[in-house]
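Quick look at what TrEMBL annotates:
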- 11-21: compositional bias 'Basic and acidic residues' (COMPBIAS)
- 268-279: compositional bias 'Basic and acidic residues' (COMPBIAS)
- 1-21: region 'Disordered' (REGION)
- 260-286: region 'Disordered' (REGION)
- 65-86: transmembrane segment (TRANSMEM)
- 106-125: transmembrane segment (TRANSMEM)
- 132-150: transmembrane segment (TRANSMEM)
- 162-186: transmembrane segment (TRANSMEM)
- 198-219: transmembrane segment (TRANSMEM)
- 225-243: transmembrane segment (TRANSMEM)
- 315-338: transmembrane segment (TRANSMEM)
- 350-372: transmembrane segment (TRANSMEM)
- 379-398: transmembrane segment (TRANSMEM)
- 404-426: transmembrane segment (TRANSMEM)
- 438-461: transmembrane segment (TRANSMEM)
- 476-498: transmembrane segment (TRANSMEM)
Amino acid sequence: MVADDTAGSGDRSEAEKDMDLKVLASEDIEGLADGDVEMAASASEGLSPSEGPPEEAKEPRKWKWAVIFLCFYGFMASIKPGEPFITPYLLSQDKNFTREQVTNEITPVLTYSYMAVLVPAFLLTDLLRYKPVLIIQGISQVVIWLILLLGTTLIEMQFMEFFYGITMACRVAYSSYIFSLVSPVLYQRVAGYSRSSVLLGVFTSSVLGQICMSSSVSFYTLNAISLGFVSFGLLLAMCLPWPKRSLFFNQMRNQEQKELAASGATKSELDKMKPRESESSSAAPASSVSRWKDSLFVQMLLEVRNVVKRPNLRLWSLWWVFNSTGYYLVLFYVHILWNKVYPATENKNIYNGGVEAASTLLSALTSFIAGFVKIRWNIWSELVIGIITAVQAGLLILMGTTDQIWVCYLAYVLFRGFYQFLVPIATFQIASSLTRELCALVFGINTFLGTILKSIINLIFSDKRGLALDVHSQFLVYFIYFVILTVVYLVCAAVVIIRHYRNQGGAGGGADDQATATELSPVVVNSEAEPLSNGKSAKA
């Protein structure tokens, strides 16, 4: 998201350069869809420490064309002009579902589906090397728009939301795919390419949808156009090149193959002729168990527990879990709110597409600005988060109580912009103090925990099996949720600031006075020095 100037001078340390690469790659998260938090895990997942394939030096044009094609795919796959108008379509006379059905029976399925598919998608992305997961995503999108065009029953619309959850979970593959095509020295550049292509696709999609609606194009025709775009996106996914490496599974396989090749070179012809069964029967059980216990993947899982011991990492991880939950609940239900304030069945001139386009631009702008804010984040993080969360709470109560659609639109655009301002800061604060592999796991765990929390809130307040609140009451719940978060953040901010100045006064303004505000100040600069729980380095 933030195009930080990390080119730096030639005398910078290797640790600083490595940290910058991680930041730029992880900032790619906001380019996908609506600046999803879900992409954070995938962006850091792409930061494989392995060296680039040797053929990159021999065939530079090959990987360049692969990156261009993947960015073109990201642009085209983001063009779904009917997406901002799905809720008005379901509530229109074409489908004739009630607002209660859409709010309490159809929309909650999206959260449940996403929670169920997220972890398998995260693991399969690496195991299958990206392309099959992107194909699954393309198939799911085609199914979504076919159901929207042909489906008429409630259960069919619930299946539509189920496949929408699959599509969201599979987004993890795109942001990590592009890093498998190039060597680490190019991560910074390709992160910007992939982000820009998807942001441009989302913006183009929203504008195209708004133009169609303003030109009196029917909902059915708009969805048929969307089906054409997603079908073309599926075709592009099938034509994508197949990467030779990924983060965990394929890196391990490649290492084993190299070891086998090296050992095979020293074997005699007689040894090579011996059956493999006799060799593996005795050595395989013990070696496989020890290899599993000593594997980097298992050690990183054990190391994740140490994240909660670091205050700044704990703060930003909790922000990721709790604030992203509220953010996505608002995104899921805001179109229903707009339809209640300004019913599409009575007014054909709705502006959902234009509002989504404006919010996308503002999100990109605030994300960019965040990269140049000079604050000592170890002191002021809680206060900044608390103030922004308080503003978001005010915007939520405004959305939930106003009967003016343009006020509701403006509040939504600002709500998204404030959230996107904090995302690159959170990404940096987490990624700069962890190894690349740990980044993938931490972001993935944060996203999964947030999804579980969304599902619980949905089940209690939105689902038909729970309280089944109407959309205005739900936004009141979201307002209370953000107020509680604000109080917690501000109390923590007061504790941190008082403790800081008390310590500073007791030390007579020692070394702390020498610290200056930094742009997205890192928590730990040299992550190489931090060992895993068993004393091994997490760096490959």
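For all residues, glycine too, the Cβ spot is worked out from N, Cα and C.
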Stretch of maximal Cβ-Cβ contact with the transmembrane segment (404-426) [cut-off: under 8 Å; candidates 198-219, 350-372, 438-461]:
350-372
For the transmembrane segment (162-186) and the transmembrane segment (438-461), does the number of C-beta pairs under 8 Å, pairs 6 or more apart in sequence, reach 3 or more?
no
Contact between the transmembrane segment (438-461) and the transmembrane segment (106-125) (at least 3 Cβ pairs under 8 Å, separation 6+):
yes
Long-range neighbours of the transmembrane segment (106-125), counting only residues six or more past its ends (CB under 8 A):
38, 41-42, 45, 90, 97, 132-133, 154, 157-158, 160-166, 168-170, 172-173, 176, 246, 332-333, 336, 444, 447-448, 451-452, 454-455, 458-459, 462-463
Are the transmembrane segment (379-398) and the transmembrane segment (65-86) close, by which I mean at least 3 Cβ pairs under 8 Å that are 6+ residues apart in sequence?
no
Best-contacting stretch, by C-beta pairs under 8 Å, relative to the transmembrane segment (225-243) and drawn from 65-86, 132-150, 315-338, 350-372, 476-498:
65-86
I need to check the long-range neighbours of the transmembrane segment (315-338): which residues 6 or more away from its ends have a CB within less than 8 Å of a CB in the stretch?
34, 37, 40, 84, 86-88, 99, 102-103, 107, 110-111, 307-308, 350, 352, 381-382, 385, 389, 392, 396, 399-400, 405, 408-409, 412, 415-416, 419, 422, 425-426, 429-430, 442-443, 446-447, 449-450, 453-454, 457-458, 462, 471-472, 474-475, 478, 481-482, 485, 492
